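Inspection log for the structure reproduced underneath, given as structure tokens.
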Amino acid sequence: MSQVLTPLLDRVCFPQDLRALPESYLVQLANELRTETIDAVSVTGGHLGAGLGVVELTVALHYIFNTPEDRIIWDVGHQTYPHKILTGRREKIRTLRQEGGLSGFTKRVESVYDPFGAGHSSTSISAGLGMAVASALKEEKKRKVIAVIGDGAMSAGMAYEAMNNAGALNARLIVILNDNDMSIAPPTGSMSAHLARLVSRPSYRHLRERVKMLSEKLPKFFWDKARRSEEFARGLLVGGTLFDELGFYYVGPIDGHNLGHLLPVLKNVREYPHGPVLVHVVTHKGKGYPPAEASSDKYHGVNRFDVTTGKQVKASSNILPYTKVFSKALVEEACHDDKIVGITAAMPTGTGLDSFAEKFPEKMFDVGIAEQHAVTFAAGLACEGYKPFVAIYSTFLQRAYDQIIHDVSIQKLPVRFAIDRAGFVGADGATHAGSFDIVFLATLPEFVVMAPSDELELMHMVRTAAAYDQGPISFRYPRGEGIGIDLPQRGEILEIGKGRVLREGNRIALVCFGTRMSEVLRAADRLGAKGLSTTVADARFAKPLDKDLMRRLAREHEVLVTIEEGAIGGFGAHLLQFLAQEGLLEHGLKVRTLKFPDEYLNHGSPEKVLSTIGLDAMGIVNTVLTVVGREIRME
């Protein structure tokens, strides 16, 4: 553990310790909390910029509100490292995102101070509204519910759906809009802070309500004029007309790094007797750490780094990551086809589409955190003859499943889905694991579902998708590097629904769907050394299956094992159903499917987790030896 000097923070284990401090100590506490956060993340890696941006807000919220009785719900959750330090988890903060350590997000089973788990964006207001309504039903009049949501997350429709509902219900809910990017209405110094304090005071609210009651007794013409005049004045001075229309009482904008501004406003809104309130705070990602302030995008998620220089520790490698291979392949295809366009949902760098945007800026569309819109937007482009590639993480594609079915699949529109971060993703854990895309896509009629076994196969699949116009098509690939093979300038077009055999044998058939192929080949070597002749097949397609190849493998082998990084119901399940329908399970063939277990996988090292669940060479060999009844003796 690094020797960070934090004498005041050392006195705070839980929020009640924080609330025992004089208010004049809080600036020093915030500075120490920021120092501790920087030092901890330098050891573990993780999300840095977002947490540094809410240090003062975190201190203020736990100081003003009676947590955990009052509920603070953090949207997404990657900004909660300071929150974790203040809520009894400082001793474990240097285990963040490590196996057996703290989650990088909020997690209900981890602490009573995490009332709602997160990892995906834009859920906090809906969850908070549910809790606020539950408190009202139970007549818990003292409990406050606070949802903290970033301006980026406000680009998702779900946030506005929740606000609309909260306004209609007149629920006692406090929403903190953490504006650290869009600058909807940046604060303008002391005047803005003064106005925020003014409009948050009970006296202003009571006056406003009395004027409203009086105006309602006047003819409608006068009431409409009065309402519009007030909206104009408040919108001109302090913003917030949109939120007013949704039924929220708007306060702000205020400086989210100035405790002298935050504390009085939060005290005032804490006592607001009824209806939802929105407090607009403006913050800066990476606040207080110059390298992060200078490059907030690069310090959103970081590897371990040197605190003094800010230099991140990265393993040197000349092997391209799968994301980079996809990016280069898509740019190459777009050079040959002017109908190709790229679409991302607020992840241009993570999906590699930033390179596409540099080359074809007019054909690149970042729609914000709006996966549902992204898919239907792509469907509209496909209707007009364009070839949209929707590049999206597997875990986020789940958010657009109705659009995939209703707007794309039923209409057989040729939308291309480039599914990044497929399979186990490591430190981000269950909320980000790409476990389910094979299952929920391969069940759709006439939906082509592909997975490459290496980076060259990924290039082939990008070109295949670009050439395919008969309906929707997808290809999935993992986080991390390929295997380091030489790559051509451009991939080849694959025959739809046709796999390939990499190695011929006659007793054991190993059928791989995806990038576990290197482990499958190692397993085949070990089985061969034990006298078990092994065929290795690259399925390429989960849908449509290569039926001819699967029939041959079933008829010519004693044991057939499928290998995939995905949940129950994926490639192995589809192959088993085909074999059953064909009567190929009735003549002694023994089939096993290696996949994810029926549970959510927690954060940890990908190599260790995949080994534990049997998706490495040793696990494959053990499975085969168990089936054939041999004693397992592995070196």
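Cβ coordinates come from backbone N, Cα and C, glycine included.
Fair warning: this is a prediction, and the values are worked out from it, not measured in the lab.
As recorded in Swiss-Prot, the features of this protein are as follows:
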type	residues	note
BINDING	H78, G119, H120, S121, G152, A153, N180, Y289, E371	thiamine diphosphate binding site
BINDING	D151, N180	Mg(2+) binding site
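Structural mapping of features recorded in Swiss-Prot.
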residue : record                            : CB count, 10 Å
H78     : thiamine diphosphate binding site : 23
H120    : thiamine diphosphate binding site : 21
D151    : Mg(2+) binding site               : 17
G152    : thiamine diphosphate binding site : 20
N180    : thiamine diphosphate binding site : 23
E371    : thiamine diphosphate binding site : 28
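Within 10 Å (C-alpha to C-alpha) of D151 (Mg(2+) binding site) lie the following binding-site residues from H78, H120, N180, E371: N180. Among the residues the record lists as binding thiamine diphosphate, namely H78, G119, H120, S121, G152, A153, N180, Y289, E371, the two farthest apart have Cα atoms separated by 32 Å.
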